[in-house]
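Visitor: The structure follows.
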């Protein structure tokens, strides 16, 4: 039986909030089978839980938030959610003593390291996957995103940024997902933004944690970070990282082929909601035998060591 995963032990890290610029303590806790992914704000009394749920997602200019029925929100969840998807973590409680998850270096890599440091534990309960049965597509002007049936998890993402720092040959990235491929090829890709936008937001008391330490920063001509890019195509790789996190908002790894053109958090979420709303387009599946499991979800040695 392919089993659900959680953490072996509690781990903690500190970072800076993208919005407030203040120190945030992040605590990751193991959780029992069928708990799902729960984000929790401990700065509120009593603490407020936000279960990962496609219908609770709100996309703001700066980040992805989860919002509850009382309009209370937790912000900047997307990169940690991508790390959970990458390592196939089904059950976890994520606590922060702030309204947001720390931005760390703007990628998912610090969260991957934290999860691996906690260790991955298998629970004696079958892991549920969402398997795509029919093609579902959503559009917004010339932007689109779609899922097709596929025995694995493949991603094909194209951006269209007209900027001197982004070569036209580096605007598309495609991969067959696996935990190893995610860790090596995607997790280290950082978010990005224009210097002028960051300066404008900070002048209005927003994005106070934004800096060269947590993003690729560009002006009209070039990348301003001293160390440059981690990959020539880091921009599109980060958009794929975002998509992996967005699509895991249903709390389950997806078996299907994802293709997107100029998509972002809002359209990725619209696709996920469109799939889930169409009952005949998907099904829950479990696997009794490792041999039946798509290669995409075979546990790498690093994860279950």
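Just so it is clear, glycine is given a Cβ too, placed from its N, Cα and C backbone atoms.
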Visitor: Among 79, 163, 252, which is the one Swiss-Prot gives for the Zn(2+) site where 238, 242 also bind?
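Guide: Only hit among 79, 163, 252 in Swiss-Prot's Zn(2+) site, alongside 238, 242: 79.
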Visitor: Quick one: which of these binding-site residues, 79, 238, 242, have their CA within 10 A of residue 265 (active site, proton donor)?
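Guide: Those close enough are 242.
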Visitor: Just checking, which of 79, 238, 265 (recorded positions) has the fewest C-beta atoms within 10 Å of its C-beta?
Guide: 265
